[in-house]
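Student: Pasting in a structure now, in structure tokens, and then I'll have a few things to ask.
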Amino acid sequence: MIRTVAALVVALALSSLLITVTGGSPPAALQALVRGSLGDATALSLTLLYAAPLLLIAVGACVSARAGVFNIGQEGQVLVGALAGAAVGLRLAVPGPALVVVILLASAFAAGLWAWLSSLMHRLRGVDIVVSTLLMTFLAQQVVAFAVNTPWLLQESRLGRATVLPQTNKLPADALLGSIGHYPGLRVNAGLLTGAVLAILVAVVLARTRWGFRITLLGLNPRAAQHSGVRVGALGGVALAISGALAGLAGAVVLASPLSTNRLQPGTSLGIGWDGLLVALVARNRPLLAIPVAGLFAVLRSGGSFLAATGVPSYLVDVVKALLVLAFVAPPALKRWSSA
Amino acid sequence: MSLAGDIETVLSSGVRLAAPLAFAACGEYLAERAGTLNISVEAMMLGAAFGAVAVAGLTGSGIAGLLAGVLIGALIGLVHGVLAHGLAVNTFVVGLVLNALVLGLTSYLIATAAPLSRPPERWPLYSLLAIVPLTWWLVGRSRWGLELRAAGENPQAAAMTGIRVNLRRRQALLWCGALSGLGGAYLAVGEVGSFNQNMTAGRGYLVIAAVIFGGWRLARTLVGCALFGLADALRLALPALGVTLNSQLLISAPYLLALLAMLLFASRHNQPQALGRPFPRGGA
């Protein structure tokens, strides 16, 4: 605990030093960060919007990591989810609000299947899961680029215009995630509720059910798991698929919420897959802990856009995020090392 | 333009696009043979590209820039090695964090500093003629390389015979950092002559794909780099030649080829047995 606090102080000191060296003012930057993320109802609404996909991805990453399967392909799985969501939302004639449910299910299914392919390659040919999930991220990016650049797939309709952009048509209104409840100025998107409910559900399942115990056992000692009757390969595959499915869900949430223009574009994922993975690392693979950490990372994302006004480039938040992860990952290792 | 001229243009730009990959691939090959699946090669290349342009701009010397790139790459390799093979933090976590950190840091610094540019100098390309045989000899023929490979194949047995597994892995990462740094520095100082935000744009991941595609053999890894460079050159040249070929397919070709190579030749590949697995202190 003391080590973690010390590491956090070091991370913040390094960030301040970086701002000072490049001629900025750390207090002004901090103020802009807070104002841009929590300052008023609009800022807070944006922060909550960002928190939803981050939380979904992180909860998924917790499930696979707890099973000892390290998935680092969330960025691609987010895109695959968004692609499936866009395809269903634009092509299926599902009436009324059922459409948004169908989109969420389709995105989770497609991305879950995409991630599960890595498990399949591992079981059939011994392909390393970390490597294949990473490589498949770059494939996913090109699949989405192909889909939105190809008129007979998902590219927007020409409608007599001279140029069409690499993006899909706008999703119909029924496909979008609405706000929950009515607060003056504040909008809480349904995506956040989905994320919070799933985080709690996953935490309970992991801690309290036989299935959750098997997952934990598999992660701690695969050989012991196998001897006690766990089908190691299959269970690892399921954990990987769940992790992919949650990342895909995050992709649909980005696509169907005001975070995007509600059109699928090559950049729809916003790099949020990488960030969600970092959230899980800081939360040390505990889904409930991922809730506040996702909130913190969302603050950095929404506040980051306010930094530019203080003369500090918004890339600062990327440095802070990486230092935060280091601050949470290094101390336990130091402890192990000094007691070994 | 004649067909021969077109082919020559594509080939020469292919070589130039492949060169930064080849430098880094020598380093990544060495690190992977020692058992580290090093994904921070992207950070090494990007950080070195930035440092090389900054130092070359300040001193006016391309050589100083390249040296700075090598040092920055080695520094990142040192940090990775200490965290992953000293403190036993998961190597992929370390790689992800370093990639995020270096991307954030270089983007931040280039946004606060005046952009520097200078004429590209291509001569460092020829140092590959020395680096490739040196890497081959180090890994395949030297005592140090034998210990390195032992650390990557069977760390328990290696430790039993007195080889300091984690030390060898750290040293391999240091080499990997220096060579990847040279690749990144060459990209910035040798080819482009300036630095722009995220200028390596995933080339580090291409290098990883090349080592996998090459089945953890140096010669085939370099063939992979050449192929990937050529695919990139084709993608850039085809529109001007009036040929339409799917650019998404060309961009994804390296990753597809790497995955296919693993799926098809898994049994014939000499993937290091302990690749990506940590070796805890105290053995077993």
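Each Cβ is built from the backbone N, Cα and C atoms, and glycine gets one as well.
Residues or ranges marked as transmembrane segment in TrEMBL: A:48-69, A:76-93, A:99-117, A:129-148, A:190-211, A:232-258, A:315-334.
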Student: Which one of these stretches, A:76-93, A:99-117, A:232-258, has the most C-beta pairs shorter than 8 Å to the transmembrane segment (A:48-69)?
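Tutor: By the under-8 Å Cβ criterion, the transmembrane segment (A:48-69) pairs most with A:232-258.
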Student: For the transmembrane segment (A:99-117), which recorded stretch in the set A:129-148, A:190-211, A:315-334 gives the largest number of Cβ pairs separated by under 8 Å?
Tutor: A:129-148
Student: If we skip the immediate neighbours and take only residues 6+ beyond the ends of the transmembrane segment (A:315-334), which ones have a Cβ under 8 Å from one of its Cβ atoms?
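Tutor: Sequence-remote neighbours of the transmembrane segment (A:315-334) are 3-4, 6-8, 10-11, 14-15, 18-19, 29, 33, 275, 278, 281-282, 284, 296-297, 300-301, 303-304, 307.
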